[in-house]
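Shown next, in structure tokens, is the structure this report addresses.
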């Protein structure tokens with residue numbers, strides 16, 4: 001295992017740890033029956049404290065994401081058979097996880113941090129939910145909503161974040177599995193190559209001995 005794989009493992013370990021901590025707050029939102037509204041309050045406080053916290057938190061998180069991408073691209077640059085299939089797939093999974101973070105999680109965090117921002121609301125999934133509700137009631141959705149988030153909509157935004165985190169955990173687990181499989185295959189190939197070289201050396205040594213014996217007989 002080289003330093004490039006080390007980059008990937010470091011990134012995966014850190015990001016998986018972050019998602020594991022978040023899952024403590026996420027799972028009650030998704031899987032708890034009956035639903036406890038207090039779990040939404042606790043989850044919102046956790047996410048907003050991280051979102052509004054020092055810039056070093058975001059810098060560290062984004063730096064670890066970048067470290068994983070750099071490590072995978074460096075491995076893919078070898079362009080071997082294992083790199084093409086395993087590292088290429090890992091790059092796709094990592095990009096997918098980062099895209100989910102940027103497209104789903106960040107906009108919902110911004111909306112939770114500023115629930116009265118109607119511009120953010122009208123670009124979010126909450127607008128889709130409001131449109132669906134109005135259509136179900138037989139009305140016509142307006143072109144622009146001006147009402148801030150309701151309590152139910154805040155819980156819905158938190159559940160979207162929680163579901164996205166769960167998906168990202170699966171994606172990171174897929175990367176870890178692919179990396180472990182790649183390392184196992186490469187180690188197996190190295191052992192087979194070493195065994196083949198040793199057998200070739202033994203055969204060559206045997207041939208030399210036989211050749212020397214034939215010369216002595218002459």
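Heads up, the Cβ atoms here are built off N, Cα and C, so glycines get one too.
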Among ranges 157-178, 179-200, whichever one TrEMBL labels transmembrane segment: 157-178
Which listed span TrEMBL calls transmembrane segment, if the choices are 55-73, 112-130: 55-73
Considering the transmembrane segment (157-178), which listed stretch of 7-25, 55-73, 85-106 counts the most C-beta pairs under 8 Å: 85-106
Folded-back contacts onto the transmembrane segment (85-106), same chain, C-beta under 8 angstroms, at least six residues removed: 8, 15, 65, 68-69, 72-73, 75-76, 160-161, 164-165, 167-168, 171-172, 174-175, 178-179, 181-182, 185
Chain residues outside the transmembrane segment (55-73) and at least six past its termini with a C-beta under 8 angstroms from it: 4-8, 10-12, 14-15, 18, 87, 90-91, 94-95, 98, 101, 175
